[in-house]
Structures are given as structure tokens and as C-alpha cells.
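Enquirer: My structure is below; once you've seen it, I'll send some questions.
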Amino acid sequence: NGAICIQPCSPSFHGETSFVCEERKWQMFTDACANLDVQSLFQPVHGKPGDTGKYFGSDDLGNSNCQADFSCIIPDILSSPAIPGNIADIVELLKKISLLLSVNVDRGKMQSYSRIANHILNSSVISNWAFVKDRNASSILLDSVNLFAGKLLLKNGSESIQEHFISTKGYSVHKNSSGKSFDFSMKFNNTANITGQVVIPEEELFKLPKTSKAISIAFPTLGAIIETSRLDPVSVNGMVLSVSLPEELLHILLTFEKVNKLENVKAVCVGWHSTERRWDNRACKMKSNNISNVVCICKHHHRTFKSFSILMSPTMLRNAMLDYITRVGLGLSIFSLVLCLIIETVVWHHVTKTEITYMRHFCLVNIATSLLVADVLFILAAIVHNAALNYELCVAATFFLHFFYLALFFWMFTLGLLILYGLLFIFFKITKSAFITAAFFIGYGCPLVISILTVAITVPKNGYLRTGGCWLNWYETKALLAFVVPALSIIVVNVVVVVVVVVKTGRSSVGEGCKSQDLSSMIRISKNVALLTPLLGLTWGFGLATIVDSRSLAFHVTFALLNAFQGFFILLFGTLLDRKTREALRMNCLSSR
């Protein structure tokens, strides 16, 4: 039974130790694979049996040509849609082939293998990789291709196998060879090509004791695919170039053409650490860098560093001024919100003598609390992302960040409803307990429902987090709309409320139906809403602008300023500029003296 070759072995099986288990598993592996039938490899590994088996052409596996180069399965695979489930199955299939059928890899086998890999490396299916359940699928694919291509047999001293999105080249090399180079020019998308070059220096070839082979593989789209499953705030800006070289060859020269030829972003030469599954800048150093190309000197290691590329951050502008503004602004915002809550505690009994004023200050306290918690979580999310790159912690931080930012807006919405209640329902009185219940349901209940639904819908598809930070995804699943739509809708509603206040306060009927004290309170609340709503709207308007034009430093700086100083705005317009609050503070100071 060929399936036994890939079944996991539990250390607790029959009470065995881990070492004994591994030894028994290896013996079973060798016994079973001695007479392995190719057909056992091509069974679907996701979903119900038969769901994807039709894509793998299992009916034709009995003929000898198929077992020689497994070409019989290619038509069904190429005709299958490259949806996430099929991508995962094909990655698993390529992994099995690399582990079990990499003996005597001739041109026919390599062509069939490349055509299968090319199907899921197509630039048109990059976004589908974001929904593949196994976040290491792209890394597994890279390792599998490197392993299989490294066994390629060279006919007449050279070989070249070209597909649109994967290219393999091989040469025989010996110590008397001049410097050997592999040149690639490949399609990145439907409109552009990019180039890459691998050079083995002549001084390295002198180290070879005998004639050997050198293999190089180029992937123009794999860098973008790897990005979809990682949290690193970087972008791969060239093709991924892999090598399979003799152990004696340690240093190679690589030239990468940049995909995005931008002057204001940093380029870094990196190697893919195959055991830790991450990009590592210790593997390479930069030799030269210009507007279109980067030349790297990289250290090859047959176990850890076999694949190389260049990294940039075109969508994550790292600017010293931007970081400074964010740190100072958040510090001031947190200080302002803490001061606001202290002032509210001190003056609470003086400013909550009527139902309307009680409700107003109750909303203001919850607005300040929500933003304070969100600001603290913002700092924690940055620490989690930068220090640990822990996916689960990042999801948790994003969930609570989403919840408390939404709570900020829904409490603003509650404040708007309070204005309408005071102006339009002047003969209907609501008790404090009823108001508190309704306010908590709107202020915290609605954000909780939206946050939970967002997680439940997008996390199973690996589309909750955006690439490069602990925040909601935009490009793949549009999860950010679960924040943007409620927030902007509330801003629009509150603007309408302010217009209603302007119209109503100009009519004498309002003054006849309301107490003058309540009318004064309504006007003060309306001023708060009229000032804070445009500021919040402007802040998140620039937040959307940073998504639309992610390279604009002006948008990023403006958003950072407005976002970081929201706490100060709430202290200023909600507390310090309120006449009743200032009078209560003055009275409190005089009484304490």
C-alpha cells in the first residue's frame, strides 16, 4: 500500500518511543516503496474521495508511458480550475512526486513536473493562494521543485526546460570551466517580463574535484505567492532564483531586475531559509543597486539556502518622520484620554444633574474608554507583529482592535441618537436604566456582532489579516469593509443629525416644548458631534486614501497625525471647551482649597 509512505507515525502507537517509531516508519517506508505503484500518489488529499480525483486522471495511470513521466495526468490537471482546494492538492502531489519518484529525472519527467507546477504558479491565480489553508504551501512547493529539479539528468552536458512561470536550466561544470551563467527572461504578468541571472564565478569552479552539474530554477511569480501567506511587512520585488550546486561551490552572483522600479524604497538581498521558512538577509550581501537592477553575492548551502531574491517595501512606507509622529501622537492621545476620564470622574456629580447631561457624559466616557483601549491595543499589535510574527496573537489583537474602533463610532452614533431624542421626542421620557441598556447594546453589542462575523467568515479562508501588519485585510477579502462601512455610515448619519439640529433650533416650537436647560444641553452635545464627526470622518477618509495610493507619503503622514491625535480632540472638544465642565472644575478646585 503506497499510502503508508506518507502516513504520520504517532510515537504513542503501541507504546513505542519516538526513536523506535521513526525507525519502524522508515522500515515500512522502504518496504512499501520498493514496489510502489504511481497510482497511489495521485489520490486527492482534500475533501471527500473522488471530489478532486477527476483532475488527477487516475483512470489512465496503468499505462507504462504514464508511469515513466506521469504525463497522462497533465490534461486533467491543466483543465481543472486553480481554486484553493486544487492548489493544495497539487502542492501535495508535487511533494509526493519529489520524495518518491525523483529517480532518473529525465527531460520528459521534468517537463511534466514543470507543467503541473506552472498551472498553480500562473500570475492570474496568485490571489487564490491567500485562501489555501496551509500557510506553508508555497514554501512546500518551493522545496519540492528544488528537490526534484536537483535530480535532473543532463543530456549532452546541458538542459533547458521552459514554461511561462517556471524555467529550469542545467549545465555540466568542472574546475577548468570559465565562469558559468544562467540567464532567464520570463513573463511576470500579462504585460511585463522580468529578467534574472545566476553566475558561478570562475574562482568557485576551481574548487570542484570532478565534473559535476549545476541546476538553476527561476520563478517570476513565486515571490508574490509567498507574500500572500506571510505577515512580513515586505514585498518580493524580483523573481525567485533557486540553485542546486555541488557542496564545494559556496558563493554565487545573482542579478535581479526589479518589478517596481522605485527610487524611494530600500532593496535587500535575501535567501530563503528552508528550515525556518522565512527570508533571511544574512545569506546575501548587495554588490550594486540601480534604478532597474540589483546584484547580490549570496552564500549557497545545500540544506538551508538554495533560493534567493530581493525584498522591498513599496506598500509599507518606513519613514523616520512617520514613525516619530505616530509615537508622539499616540503618547499624547493616551495621556489626553486618561486626563479626560480623570476630569469626568472629578466633575461627574456636578455635570450629570439632568437626564440629558447624564446621558451625554455617559456616552463621552465610553467614547474615551473605547479609543483609549484601541490605542493601547494598537501599540500591542505593533509589538506582536514586529517581535513574534505570531499569527494567532496577531488575529486576537486585530479582533479587539476592530471591536474597540467600531465601539468608538457606535458610541458616537449613540450620542447622535441622544440629540434626536432630546429634540424630536420632547414628550417622551426615557429612564436612565433603559437608556444605559440601549446604549450598551448599540455601543458594544453591534461592534461585537460585526467583529465576530468578520472573523468567522474570513479566518477560515486565511483572509482576515492584511500582509504586513495586524489589521484587517483589504486586497484579497476586503475584510476592512467590516470597519469602513459602519464607520462611514455613522459619520453620514451624525452629519444629518447636526443639520437637523441647525434647522430645529431655529424654530420657536423647540423652545416652547423643552426646558431651556435641556435645550442648552442639546446645543452643547450638538457642538461636540459637529466637531468630532468631521474629524473622525477626515481621519478615516485619509486612512482609505493610504490604501488607494499606498505610496503617497503625504496621505500616510496626514492619516498618522489625525489618527494619533484623536484622543486630544476628544479631551479638547468634549471636555475642556465645555463651559459646564470648566465651571465644575473651578468649583472643585475652590472647594478643595
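Using N, Cα and C of the backbone, Cβ positions are placed for all residues, glycine too.
TrEMBL annotations: computationally assigned, not manually curated.
Since this is a predicted model, take the numbers as computed values, not measurements.
So TrEMBL says this about it:
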| type | residues | note |
| --- | --- | --- |
| DOMAIN | 174-318 | domain 'GAIN-B' |
| DOMAIN | 322-578 | domain 'G-protein coupled receptors family 2 profile 2' |
| TRANSMEM | 328-351 | transmembrane segment |
| TRANSMEM | 363-383 | transmembrane segment |
| TRANSMEM | 403-428 | transmembrane segment |
| TRANSMEM | 435-459 | transmembrane segment |
| TRANSMEM | 479-503 | transmembrane segment |
| TRANSMEM | 529-548 | transmembrane segment |
| TRANSMEM | 554-577 | transmembrane segment |
Enquirer: Please list, for the domain 'GAIN-B' (174-318), how many residues fall into helix, strand and coil according to DSSP.
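Expert: Looking at the domain 'GAIN-B' (174-318) with DSSP, the answer is 14 helix, 68 strand, 63 coil.
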Enquirer: Along the domain 'G-protein coupled receptors family 2 profile 2' (322-578), what average pLDDT does this model show?
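Expert: That region's mean pLDDT is 81.
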Enquirer: Let me spell it out: take the transmembrane segment (435-459), skip the flanking residues so only those 6+ beyond its ends count, and list any with a Cβ under 8 Å from a Cβ in it.
Expert: 355, 359, 362-363, 366, 370, 395, 399, 402-404, 406-407, 410-411, 413-414, 417, 472-473, 477, 479, 482, 486
